[in-house]
C-alpha cells in the first residue's frame, strides 16, 4: 500500500504504508516527549512565585510556551499531510500563520534574553530598575507585534487578490500554495535578511560587551563568564533557527547526490531544522540554570511520589 506525499510543489512522491506510519510515529513520539518536558518546565514556573518576579525566567518560559505551540502546529501539519493530504485553505492559513509567528518569535526572544543578561552584568546596580516585570511583559508584547505585523500582511493581500471561493478549496498545506503572490515571497526574503541581521548583531554586541566586562571585573568574573556562555548558546540556537532558510538549497544539493532518497532527505531535513532546535530550550536553559534545576528536581520528585502512591494504592 502506498500513500501520497508531496515533495515539491507540482511533484508527487509516494511513501509506502509502513514508511508513512513509521515517520508519523517518530514525530508524534518526539512531540509527546517534548510536550512532557515543556509541560514540566511550565508547571515548575507557575508553581513557584520566585520566578514570577525575575525577567530572565519570564522570557525563558515565554520561549518554552512559544516553542511548544510551534512544535504542536508543525507536527499537526505533518500528520495531516499524510492523513488528509489536502485541507481547507482557511484552516491552512491559520496553521501556517501560527507556525510562522512562533518560528519568528524564537530568535527575537533569544535576543531579548541576551540583552537582559548584558544589563545584569554591565549595569548590575540598575538592573532591577531597568528590567522590571512590567517592562518584560511589554517586551513580550513587542516581540509578538514585530513578528506578527510583517506576515499578517500576507493574509490581507491574499484576501484582496483571491476570490472568496479560493478559501473554500482544499490544498496541500504549504505556504506557497496559500500565499501565492510573488511579491509576498520577495517581501519575506527582504524581511528575513533584516530580521536575522538585527538579531545576530544584538547577540554579537552583547557577547563582546560581556566579554570585556568579564576581563575588567574580577569580583563578577564567574557571573560574567556564565552570561557569556549563555549568549554563545543563544547564538548556537539562532544558527539552528536559521537552518530553515538555507535548508531548501541544501535539500536541492542532497537530491542531486542521492536522487533516489528524496523523501528520506525531506524527512531528515524536517527533523533537524524544525524539531531538533526545540530540544535546546529546555536542556540549555531549564537544566543548566541552578535555581530552576533545583525546583525542577522537586517537581519531578513530586511526580514520582504521586505515581508510586497511585500504583501502591491500587494494589
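We number each residue from 1, going along the chain as drawn.
Glycine is treated like the rest: Cβ placed from N, Cα and C.
What TrEMBL records for 25-46 (among others) is transmembrane segment. Beyond the ends of the transmembrane segment (25-46), by six or more residues, the same chain brings 57, 60-61, 64-65, 67-68, 71-72, 75, 78-79, 270-271, 275, 278-279, 282, 286, 292, 295-296, 299-300, 303 to within a C-beta distance below 8 angstroms of the stretch.
According to TrEMBL, the feature domain 'G-protein coupled receptors family 1 profile' maps to 37-285.
The transmembrane segment feature in TrEMBL is assigned to 58-79 (among others).
Among residues of the same chain six or more beyond the transmembrane segment (137-160), those with a C-beta under 8 A of the stretch's C-beta atoms are 58-59, 62, 93, 97, 100-101, 104-105, 108-109, 112, 178-181, 183-184, 187-188, 191. Residues or ranges marked as transmembrane segment by TrEMBL: 137-160 (among others).
The annotation transmembrane segment is assigned in TrEMBL to 193-217 (among others).
The transmembrane segment annotation in TrEMBL covers 229-247 (among others).
Taken from TrEMBL, the feature transmembrane segment covers 267-287 (among others).
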Per-residue pLDDT averaged over the domain 'G-protein coupled receptors family 1 profile' (37-285), given as an integer: 83
